[in-house]
Amino acid sequence: MGGCVGRERAETRGRGSRTQRKRGGRNEPLKKDKPKWKSDYPMTEGQLRSKRDEFWDTAPAFEGRKEIWDALKAAAVALECSDHELAQAIVDGANITLPHGSLTECYDELGNRYQLPVYCLAPPVNLISERSEEDLTDNPEPQTAQKKEFQLKVRLSTGKDLRLNASMSDTIGLLKKQLQAQEDIDISHQRWFFSGKLLTDKTRLQDTKIQKDFVIQVIVNQPAPNH
């Protein structure tokens, strides 16, 4: 397994190449259609999540600028959640050029090339839903169970990482209020994502299958200041 992962990482590590590109080249609008692909083996949601986390955690260590990687990650999440307008705004705001209208090949304003693997843009067609197993054994825990709190890792689209006191029974709506109180970010400007999925206010953490070491992404959508 390690050999396969190592080979895949090597194949996708042209990501922040020094390949230079002349400015003023072709720049296509971001396409709305999501890439369709099939994994070599049926992949669970957890495996896909781990694969994506590995890429995003290591990509900035290679060529390219961290702020561009952060923008590409936010754009990829928005695009997978069918928020094409937000994804395009993120790309435009970071001055990212798309020669083919896809995040699989991008350039920053300095001409550095960035390549995103397809698994960061869409789940495979043979993805195994972990939710189905839970539905078969749907035994709600009694409300009398002791509430166990932990430090939830949250990463803002601004690049800031922070922690919130949370329990698995907390709803996203409740956590949004906590983030608002802690960081002064209006609830209406918060969009919470996990494993490429938009989390609604009524969603509970236990429904997301999140574990303590995982990170929830929060896109902060605030109006740009007038110049």
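For all residues, glycine too, the Cβ spot is worked out from N, Cα and C.
Remember, it's a predicted structure, so these values are computed and weren't measured experimentally.
Taken from Swiss-Prot as is:
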type     : residues : note
COMPBIAS : 1-14     : compositional bias 'Basic and acidic residues'
REGION   : 1-45     : region 'Disordered'
COMPBIAS : 15-24    : compositional bias 'Basic residues'
COMPBIAS : 25-39    : compositional bias 'Basic and acidic residues'
DOMAIN   : 150-225  : domain 'Ubiquitin-like'
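Sorting the compositional bias 'Basic and acidic residues' (25-39) by DSSP state (H, G, I as helix; E, B as strand; all else coil) yields 0 helix, 0 strand, 15 coil. DSSP places the residues of the domain 'Ubiquitin-like' (150-225) in helix, strand and coil in these numbers: 19 helix, 29 strand, 28 coil.
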